[in-house]
Amino acid sequence: MVRTDRDRWDLATSVGATATMVAAQRALAADPQYALIDDPYAAPLVRAVGIDVYTRLVNGQIPVDVESGFDPARMAEAMACRTRFYDQFFVEATRSGISQVVILASGLDARAYRLDWPAGTVVYEVDMPEVIEFKTLTLADLGAEPTAERRTVAVDLRDDWAAALQAAGFDKDVPSAWSAEGLLVYLPDDAQDALFDNITALSATGSRLAFEFVPDTAVFNDERWRSHHARMSELGFEIDFNDLVYHGQRSHVIDHLARDGWQSASHTAKELHAANGFDYPDDDIAAVFADITYTSAVLGR
């Protein structure tokens, strides 16, 4: 389904289904056969959403497929790299004394329940009302308890989320730690710039920010990726990122942030694999995404 300016979704449709996909990949990385991360909530959340292919994935019912290149172990390693990057970001930020955390487009992220937060930490989760409600109720049914003070901000990021965040108690005069995981490709250029401008306006000196970005979204229309997607669709993986992401010219996010006083450090997906002791796959599909860039930044102004 091609995006529209005011489209909406839940966790089984459009952009929302990508949150379920990511949670399924986290569940795979947390599965005892790999045990690369600790996330006991990913699998039950995915099962509760009920998308067949992702339920089968977390249940171990989709084996290696040579023709499509699907390999559960490879998927687990890639998601472990991403998850560890954001986990470590929050651990380091809160150990430095930051006590308010904002998870933008939180989806099925369960960090408010699974990380060992210092006493007094407040975690704000920002996402669509339907997404926030589903996760909150499902985790309550599972008997899960937050390990920090969790405050939900049920708002579309295309609306005035900054006002909603402050109404929930966020203090812009206190340093904060922000994540925009798996978000930027789903925003048009002007919305991406506005997102970072809002983050900067709400951030005190010493605040931290983590995100990843795709340097060129044309990769989703690359012939190698299109062929891979067609083969994966036969296994039931039907999400077509080419329809969900926004293409075209974008501001260079690192340069944009630097102008506002953010000092950044970045690593490519290939570099993160090496840092985590994994070999980056040597094939055409992996090559398309080797330059996805993971960035952490500190506001110095």
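Positions of Cβ are set from backbone N, Cα and C atoms, glycine also.
Record check: Swiss-Prot places Asp156, Leu157 at the S-adenosyl-L-methionine site, and the matching candidate among Asp127, Asp173, Asp189 is Asp127. In the three-state DSSP classification, Asp127 (S-adenosyl-L-methionine binding site) falls within a strand. Counting neighbouring Cβ atoms within 10 Å of each of the binding-site residues (Asp127, Asp156), the lowest count belongs to Asp156. Reduced to three states, the DSSP call for Leu157 (S-adenosyl-L-methionine binding site) is coil.
Close to Leu157 (S-adenosyl-L-methionine binding site) in the fold, though at least 6 residues off in sequence, lie Leu104, Ala105, Val126, Asp127, Leu183, Leu187, Ala191, Leu195, each with a CB less than 8 Å from its CB. The S-adenosyl-L-methionine site, placed at the center of the C-beta atoms of Asp127, Asp156, Leu157, has further neighbours from the same chain whose C-beta lies within 8 angstroms: Leu104, Ala105, Val126, Met128, Val131, Val155, Arg158, Asp159, Trp161. Among the residues Asp127, Asp156, Leu157 said to bind S-adenosyl-L-methionine, no two Cα atoms are farther apart than 7 Å.
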